[in-house]
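Worksheet: one structure, shown below.
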Amino acid sequence: HDATHPPKLSNETLHTDSPDLPECFQLSVLSWLPCVYLWLACPPYLFYLQRNNMGYIMMSVLNRVKTVFALVLWIVCWTDLFGTFNELHQGDTKPPIYFVTPLVVGITMLLATFLIQFERLRGVQSSGILFIFWFLSVLCAIVPFRSKILQAKSEIPDKLRFITFYLYFSLVLSQLILSCFKEKPSLFSNVDTDPNPCPQSTAGFLSTMTFWWFTSMAIKGYKNPLEAKDLWSLNKKDSSEEVVPKLLREWDLEQIKAHSAEDRSTQALYSKPPPAGESNHVGGESSPEEVEVLLSKKKTPKKPSFLRSLIKAFGPYFLIGSAYKLLQDLITFVNPQLLSLLISFTKQKDAPTWWGYALAFLMFFTALLQTLILHQHFQYCFVTGMRLRTSIIGAIYRKSLIITNAAKRTSTVGEIVNLMSVDAQRFMDLTTFLNMLWSAPLQIILALYFLWQNLGPSVLAGVAVMILLIPLNAAIAVRTRAYQVYTAPSATLRAYRWGQGVEVVMMMMMMIVIIKSHLFIKPFLHQLMSQTSHQASVSLKRIQDFLSHEELDLESVDRNNTATDSSVTVVNGKFTWAKQDPPALHNINLMVPQGSLLAVVGHVGCGKSSLVSALLGEMEKLEGHISIRGSVAYVPQQAWIQNATLRDNILFGKAYNEQKYRSCLEACALTPDLEVLPGGDLTEIGEKGINLSGGQRQRVSLARAVYNEADVYLLDDPLSAVDSHVAKHIFDHVIGPEGALQGKTRILVTHGISFLPQVNNIVVLVEGRVSEMGSYQELLQQNGAFAEFLRNYSLEDIVEDEATVALIDEEEDFPDDALSNHTDMVDSEPVVNEAKRKFIRQISIISGDLENPRSKSVRRRLCSERKHAEPDPEKKLPKVEKLIQAETTETGRVKSKVFWEYVKAVGPLLTLFICFLYGCQNAAAIGANVWLSQWTNDAAQNMTQENISMRVGVYAALGIAQGILVMVSSFTLAMGNIGAARKLHYALLDNKFHTPQSFFDTTPIGRVINRFSKDIYVIDEALPSTVLMFLGTFFSSLSTMIVIVASTPIFAVVIAPTILMFFTNWSFDQSDQWLGVRIEFIGNCIVLFAALFAVIGKNELNPGLVGLSVSYALMVTMSLNWMVRMTSDLESNIVAVERVKEYSESKTEAPWEVEDKKPSPDWPSQGKVEFLDYSVRYREGLDLVLKNLTLSVRGGEKIGIVGRTGAGKSSMTLCLFRLLEAAGGEITIDGVKISEIGLHDLRSKLTIIPQEPVLFSGSLRMNLDPFDKYNDVEVWKALELSHLNKFVSNQPAKLELECSEGGENLSVGQRQLVCLARALLRKTRILILDEATAAIDLETDDLIQSTIRTEFEDCTVFTIAHRLNTIMDYTRVLVLDKGQVAEFDTPTKLLSKRGIFYGMAKDAGLAQ
């Protein structure tokens, strides 16, 4: 009804010092706005609540009050409505708005009442929708609130509506206050059960928006450095048990879809009907050749899309974040509009002051809203990123456990670790920037639209430049992508950085051309975005390829078979390790009755371990049927030990039962070892069991299986690593007919023929086929190859048995060591590794309990005596020094020393130069903007035409200078970063190649891999972009402050407290979002003050300066936000430098080459070795392990080294390689002191054949001859001498046979033979054997021994012997005892002396 008086309206509302809105506007727009919002928001919200039921909340006082207030509001509105009807009845006609508004508002209040109750039933503790509704209602009621008071000053015209309005206002305000509080958690929610729940899941709406729920943690972290135990439990929705299955479900569906599509297309091809009219002709149907051609033309099979699985699993949640981003983008453009109003306000000298204040506060609230929305978007992005990373790591880990052996050859452990640490991380990095893909174009389009309104067609010039640059940018992106695919997974994308400089310049040029646009999208954000998305696409392909590998058929072994009474059945089994390989086992038929013991015997590589693997379902089944009844326990040939206590290794997650546990230890002959170990069964075992002897490891592995109480036991040669007495004890007490496993089904792979008479059945394997099968007696009667073999080899074993029986009777003569810690008699590790274990054992034993002589000699007690000994749980164990130390973690802020290390790696001068360039670049930007604001003032003074060429020239020059500076600074920074990354990586690699063995014993390999994968990735890829953005945002924030203070000097008053608040907040640097909201609030205050000071000083300031000052203030929010984010990123990423540095500075070995002490090329020509008064210890502060050793070995002698545990045999061989350095005395080889020459010169002239063979992934030829020094004829000769030539020539690839990681596709015996062949090729003058034939059958062993005797006839050979029969024909035998020479003479003389050696020979049944 005011439409007829627009000027009046304008005057009444705007051009007055006491503004007011017309009543019609108040009743319509202001009243309807909240209602429209609620009705629009309701349908999607109700749909969401229907899908997500979070439980049921009991009716509380809070809920009752809210409901009552909402109903009263409905009554108030309708009282208004009835009042209007009453007036109508009395003849006072009101406009329709007086009927419509109360009706609409009343119905909306009923909707709000319904929502309050519906949310309670759905478990919503705090409603965001209703909070916004009540907030809008209060906001819209403020204007009528004021105008009604103004009216009341004169008189109250309408008492009813006056009362109802104030009732309405107070109720709405109460509802707003009430909605700030949250309800109790819903019934049966896990908040009640969790001792330390994360408050986020139960936080109220306001708390969620401002991240207030995090404040308690921030304060705790400010007071003390946070530890893992301080953190809240993970939200259930973010835990791997929820997110991993979610992704796997989608991925399985994708794979099924892809396979079914593939099947359909193949079917369609084969089932096409022949063309009409041709069907009766001969050859009318397509021949097989045609089909093949058709098939080859067919499209490549559709691959399952991993990206689609990710989108389906995590897309919906991410879309909520995208909605926030869209909202934030739209709000971004409100402030520039308000700014232009503010500038026009400063131009109008007579404008009412309240305009300015209103604009200033509007700008503040818009910025505040933008802050809250932006950080919600970030929160959703980060949580999505975290879930992506968790689920990808989980999926890869699960896949790595079930891929086929063929797939294992293509993916090494290192590659899989890289997929989990680097590639999964890339998806997390991507989510933050993913929305920029659509957000950046949207912002550019909006910016251009507003610019067009201001500048008109001139904008097109800028757009043209931008469009012209797109192909160039695209070309750069394609080039970098090409580089990226070819670089190694964790290598630095060096090539990428060359593209950076150009791209940044293009982006900057674009920004300069779109003059003073409202855009503040940092060029490096774009560059980061494109870089991250390229990397993620490369990672996606890698992960997709890995997850698409074939899997083992989990159904290949039938575990539900109840048809037969056999425990294990194999019918016509044909198995291979990989589908493309020839079968490893043919025509296998086995029936193992429940409770029987089956022995599997045969030559090296005949398929014994393969048979066990086939029963476990780890081979590809080509034909036949396998069934196993009951649970399975497996004892592998090479024991698998965890880095945990000995007890945990045996329990393996099962509950601890004292009696059962003790009898397990007893049966596996582990009880005596516990007395030697420093912490008993709570001793920590190093990674892969390095501080146990091979025999102990094997027995722990066996004890784990026994404790597990399975139905079927698969024992892959567990007795080869232990010496004959212990083997007998274990057979009698565990495996044999009277052992702990009697009544269980046992399949035992063995080379020890002395046990064969006691087994139920024997299977003899020859080249993957069963050649003979039956009991011991049956096989002897068949008189086949096996009976012949037995006759040749059984003699010594039978003698040995008698000796053992005699020994058990005379307990006191039992050697100290026969059953206990026979580390050396039994060791199953290379000499090097034995030393590692000794080194560790020494650390712990010597620091623990040296005075007690019992720790040196442990007497063996008879089992019966032991069984009744009462365990003493209260016994205090000695404090054991931890072997694997916890990783050191620094707390608090990152030390400046770490930053200085990085600066040193970049180069201090270069760093200064980079900072200088960034300073200049910002100075140029400020210069251009100041120049622009001066130029706008020309218009006011009508001097526009006069200076135009100068104005344009200077502006262009500043713009171009800025572009060039950006390019140079980015380029210099990139080069500095690459140089630093290369330096740090080289230092790490160089140090790790020179690190002594002891480091690797006490450091889990995972930590070392982590340094090389994750930390190097951070230094290569994450740190450079973080530094780039940090410098950009730091200088941008600095220049903002400078500009605002220069244009409105009064602002300096506010700067001091603002900076103080900033740094106070910053010291609470715990969470990006929590901190971001608070820091941006400070930025928003800067906007407010800049605008307020512009309003206050409007008469002194020119509009150009106001625009400059406030536009910089608007930018400060974003640059402060990014600066804080980059600072916290920089702090978390720079830690990688600290971690790499730590491992780059660990202690190194002696130099590899000493130039002035190089021995002659033919050294050693004789192989004469002398120890002169030689002593050695494992490390400072420990006792000597070899004491004043003096002995001389002539060239060509064969020396057997024997002695009990801890005698120092392995230490002696280690000293030859200088893995241990002398504490006194000398070792000379052919007169050259080995301590004076380089390690490389020394070690290259010695050869060792370890007991646990070491092979690398690569071809067999590479493993035999890594440096290509020998021709094929020599290689084949070495294979012939090591009895491998038949096996290799049967392989299709011959010498190019691909060995998988660790040589896992060869049997353990074959790997030992490969090591022997390697030694035969190198043929050095000095050869060291650590009983290198443990996993080899007796026949091959005999042949090997004769090979060593003939081929190494003129070499000096040192053999650490576990089987004494192998050294009985040696030149001399060295008996060590407690680090000193006890006996040293020919074997015959030593036997006649009846000393220590005689005792050992007697134990082994080699002497009477």
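Placement of Cβ uses the backbone N, Cα and C atoms for every residue, glycine included.
Per TrEMBL, the listed range annotated as transmembrane segment is 306-324 (candidates: 306-324, 325-343). Mean model confidence of the domain 'ABC transporter' (568-792) amounts to 86 (pLDDT, 0 to 100 scale).
Counting Cβ pairs under 8 Å that are 6 or more residues apart, the transmembrane segment (128-145) and the transmembrane segment (29-48) reach 3 or more and are in contact. Here the domain 'ABC transmembrane type-1' (1074-1132) is broken down by DSSP into helix, strand and coil counts: 53 helix, 0 strand, 6 coil. Sequence-distant contacts of the transmembrane segment (306-324) (same chain, at least 6 residues past either end, Cβ-Cβ under 8 Å): 243, 246-247, 249-251, 253-254, 373-374, 376-381, 383-384, 387-388, 391, 427, 431, 434-435, 540, 543-544, 547.
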